[in-house]
Amino acid sequence: MSTNLCPNASSSDIQPILYSYWRSSCSWRVRIAMNLKEIPYDIKPISLIKSGGEQHCNEYREVNPMEQVPALQIDGHTLIESVAIMHYLEETRPQRPLLPQDVHKRAKVREIVEIICSGIQPLQNLIVLIHVGEEKKKEWAQHWITRGFRAVEKALSTSAGKYCVGDEISMADCCLVPQVFNARRFHVDLRPYPIILRIDRELESNPAFRAAHPSNQPDCPPELPNK
């Protein structure tokens with residue numbers, strides 16, 4: 001995809017580049033946040049599968065030493081880690097805020113984000129599942145997603161309105177929807193989590209969320225059902 005780079009352009013004139021993998025929930029969070037804030041960006045696909053994983057090549061290691069996605073080149077800087085990226089976007093592009101003004105609601109958003117991004121997703125991430133092994137990876141992922149979703153559902157029982165925290169979309173929603181997708185991939189029984197399911201259904205038709213969906217990414221395999 002075009003990056004619109006111009007040698008005479010200032011860093012603020014260069015369109016951001018998001019290094020992304022179509023099914024990466026971490027990349028997905030950032031895509032949602034950028035779409036919600038209406039920030040134009042180009043995607044540079046990084047396959048986590050092809051040739052043993054393009055994230056491990058020397059060229060990409062210079063972009064992200066953690067050899068993971070996402071990475072975002074923006075304002076003359078390269079940022080890694082999805083939550084750090086979302087906070088940067090929130091601080092530099094305050095339009096369509098993803099954190100509430102109320103300090104208690106803001107803390108609740110961060111709580112839900114941490115449960116998902118620290119307590120669930122890293123434990124069912126590709127790099128972990130490779131070490132767990134093919135025979136046990138489904139059971140492993142189900143265990144950690146179920147454990148984490150119990151905590152998320154409990155948090156939502158006191159914080160949710162239309163969305164995770166009240167009636168405005170927040171970073172918590174940006175993180176929840178991709179994690180529900182992961183749960184379905186690993187055939188987690190989601191019936192015990194009615195609030196999670198309701199919020200996921202509410203957001204599935206939102207244009208920013210729909211555009212960020214894996215099936216709408218340039219590197220999504222053409223044979224994927226419902227692409």
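Every residue, even glycine, has its Cβ placed from backbone N, Cα and C.
Fair warning: this is a prediction, and the values are worked out from it, not measured in the lab.
Cross-referencing V69, V103, V109 against the glutathione binding annotation in Swiss-Prot, which names S24, S25, C26, S27, W28, R29, Q55, E81, S82, Q121, N125, L126, I127, picks out V69. Neighbour list (Q55 (glutathione binding site), Cβ cut-off 8 Å, at least 6 residues apart, same chain): I46, L48, N64, E67, Q68, V69. In the predicted model, residues of the domain 'GST N-terminal' (14-97) average a pLDDT of 96. Of all the binding-site residues listed (W28, Q121), W28 sits in the most crowded Cβ setting, with the most other Cβ atoms within 10 Å.
Within 10 Å of the C-beta atom of S24 (glutathione binding site) sit 25 other C-beta atoms, taking all shown protein chains into account. Around E81 (glutathione binding site), a 10 Å sphere centred on its CB holds 18 further CB atoms from the protein chains shown.
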